[in-house]
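Working notes, structure below.
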Amino acid sequence: MSHTPKSAGSSHAPANSQTALVIGAIGVVFGDIGTSPLYTLKEAFSPHYGLTPDHDTVLGILSLVFWALMLVVTLKYVTVIMRADNDGEGGIMALTALAQRTLPGGSRSMYVVGILGIFGASLFFGDGVITPAISVLSAVEGLEVAAPRLEPFVVPITLVVLGMLFLAQRFGTERVGKAFGPITLLWFFALGAIGVYNMARAPEVLHALNPWWGVRFFAQHNWHAVFVLGAVVLAVTGGEALYADMGHFGAKAIRRSWQFVVLPMLTLTYLGQGALMLRNPAAVSNPFYEAVPEWALYPMIVLATAATVIASQALITGAYSVASQAMQLGYIPRMHIRHTSHSTIGQIYVPAVNWCLLALVAVAVIGFGDSASLATAYGVSVTGTMLITTVLMIIYARANPRVPAPLLWLFALVFLAVDCAFFYANIIKFLDGAWFPLLLGLILFTLMRTWRRGRKLLHDEIRKDGIKLDTFLPGLMLAPPVRVPGTAVFLTADPMVVPHALMHNLKHNKVLHERNVFLTVETLQVPYAAAGKRLKIDAIGDEFYRVHVRFGFMETPDVPLALMRSCDQGGIYFDPMDTTYFASRETIVASANRGMPIWRDKLFALMHRNAAPATGFFRIPGNRLVELGAQVEI
C-alpha cells in the first residue's frame, strides 16, 4: 500500500508494472467485497426477513444483488466517484478536503462539510470492527457444514485466527503482502468455478440478470422489499475501498481489476448460489458452502479463511492510514506510529489503533456469536459512509464547470435515492444490532470533535495571553542575555507569538542560543506538499528566524530533515549535533465557565495528557528535545 499516486496511476507505466498493480489491487482493494458471497444470500433468506426460496423470490433477490453491484460499484464508484481525486488520493477524508475547497473559507457550509467528513471517517472505523469479525466468522462457519459436531468451536477458532492476525501486525506485511494478490486471485477464480459448476445444472438462473425480476420483487413485496435491501447491501460492502485505495494502486489498475476479474467472478458465484437454491431450497441455510462440491469443502474452508484474513488485513491497514491522516489533519491526538518497512513509507503500524480494534472485534464476535447476527449490524456503517460520500461528491461537482447541471441533478437524484433506501433498510434494524457500529461511530465522532474544538480553544488561550514576537524581540535585544553556542528550535503553533518555551528558557536559564528558529508545522489538505511550497523562511534579525514547514496529510513530518533543507534554501546554519529543540507541554485545566461543557473539557484534558509526545511524531531525536510545562485553563 505504498505506491505514490503518480506512479500508481500513470497510464504510461510498463505492462508488467500495470499487471503487478492489478494483482496487488485484487489482494488489497477487493478483499472485503470479495468475501461478501460468504454471507449475503445466507442473510437474505434468513428467518429475519421471512422470505421463502421459491423461483420468483430467488431470481428477484439475485437481480437486486447484481444491479446493486452495477449501480453502486460500477456506475457510482468506478465511473463517477473515482474521478474526484485529491492529487491522486481518494477516500472520504480526501473528498472532504476537495468539497471544502469549493466553499468560502470559514463559512457555515464549510463547517458542516467538515462535520460530515468526520462522521464518515468515524463510521469507517465502525466498519473496521465488523468486517474482520463477520468475514472470518463466516469462513470458519464452513466447519458446521463439513462437520456439525465442530459447531461449538467456531467462535474460539475465529478468535484465535483474529488474535494471530492482530498480533502479527507489529511485524509488518511487506513479505506476506506479496502473497495477498495471488491468493485473492485464486479465491476469485474459485468463486467463478463454483458458480459455473452450479449454473450448469440450472441455467435458467441467468434470467436474474434482467432487472425486471428486481422490479417484480418490489411489486410483489411492497415495503417489505425495502426491508430486504438491508441484506442486499451486504453484496456491495467494500465498495468504498475502491475509492479509498485509489492512491495506492491508481484508478486504472482498480478499474481493470473490477471490470475483468472481480465483477465477473462475483456475478458467477451469486448466480451459482441462486442456481443451487432453485434446485434445492434447503440450501438457504448456508448457500455458499452448500454450493461447494463435497470433495472441495475443506480446501475451500481454508481458502475462504485465508481470503477473509486478507480482507481483514486490508481494512486494518486502511484503519492505520485513516488514523495517520486524521492525526495529520488535527482530528485525533498524536499516537505512536511505527514504520514496518525500510523501503515503503506507507506501511505503518499504530499500536493504539491495533489493540482497540482487536478488543472491539473480539467483543463483536463473542457478543453476536454468529455471522447471521453480525450481518444485521453490518450494513449501517457502510451505507452511512456511502450516503455521506454521495453528498460530498455532489458538493464538489457543483463547483466544477465541466459537469453539466442536468447530469449532476440526475446523479444526485438516482444515488441519493439508492443510498437513502439502503441506509433506511439498515437503520430500522437498530435494535437488532445496528446500534453497535453506530455507537462506535458516535463515540469516535465525539472524541474527534472534542479534540478538534479543544485544540482551537487551547490555541486561542495561548494566543490571548501571548506576547507579540515583533514587539518582544526589539525590547529583548536592548539588554540582550548571554548567548551560548548552538541552535535553538522552538516548536510553535503561532509564529507571531513568543513561544512559552522561550519565555521559560529566559526566565530559568537566562540565556539565548546563538541562532533561534521559531518553527511552525502545517498540514495541508493535499496528500503531498509541492516542493516549492514546502518551506518558507523569514530572517527577522539578530539570528532569529521564522521557519514554516508544510506537509501533506499522507506524509510523515520530519522536522530535522526540513531544517537540513533550510540550510540550502534560507542560509540558516544547521548542525544536528549542535541543535536543541524546545517544545511546550501544556497541562489542561478544565473550567465550567468557558469553552466546552465541563465533561468535554475533562475529556480533552485526558486525551491531551495521553497524546504521544512531539519527539516521535516529528522525528525529533529524544536526546535533543527539552519540554517545558505550562498550565492553560480552557
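Including glycine, each Cβ sits where the backbone N, Cα and C put it.
Feature annotations, courtesy of Swiss-Prot:
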TRANSMEM  21-41  transmembrane segment
TRANSMEM  58-78  transmembrane segment
TRANSMEM  110-130  transmembrane segment
TRANSMEM  152-172  transmembrane segment
TRANSMEM  179-199  transmembrane segment
TRANSMEM  223-243  transmembrane segment
TRANSMEM  258-278  transmembrane segment
TRANSMEM  296-316  transmembrane segment
TRANSMEM  348-368  transmembrane segment
TRANSMEM  377-397  transmembrane segment
TRANSMEM  403-423  transmembrane segment
TRANSMEM  427-447  transmembrane segment
- Message: Using Cβ distances below 8 Å and needing 3 or more such pairs, separated by at least 6 in sequence, tell me whether the transmembrane segment (110-130) contacts the transmembrane segment (179-199).
- Response: no
- Query: Where else in the chain does the transmembrane segment (223-243) make close Cβ contacts, counting only residues six or more beyond its ends and a cut-off under 8 Å?
  - Reply: 29-34, 36-37, 39-40, 43-44, 46, 49-51, 61, 64-65, 68-69, 72-73, 76-78, 81-82, 90-92, 95, 124, 127, 131, 217, 254, 258, 266, 270, 311, 314-315, 318, 375-376, 378-379, 382-383, 385-386, 389, 421-422, 424-426, 428-429
- State, in range form, which of 21-41, 152-172, 296-316, 348-368, 377-397 has the highest count of Cβ pairs under 8 Å to the transmembrane segment (179-199). 21-41
- Beyond the flanks of the transmembrane segment (21-41) by 6 or more, those residues with Cβ under 8 Å of it: 1, 3, 8, 13, 61, 65, 73, 131, 134-135, 138-139, 177, 180-185, 187-188, 191, 231-232, 234-239, 241-242, 245, 248-250, 252-254, 256-258, 261-262, 266, 269-270, 273-274, 277, 284, 287-288, 304, 307-308, 310-315, 317, 371-372, 375
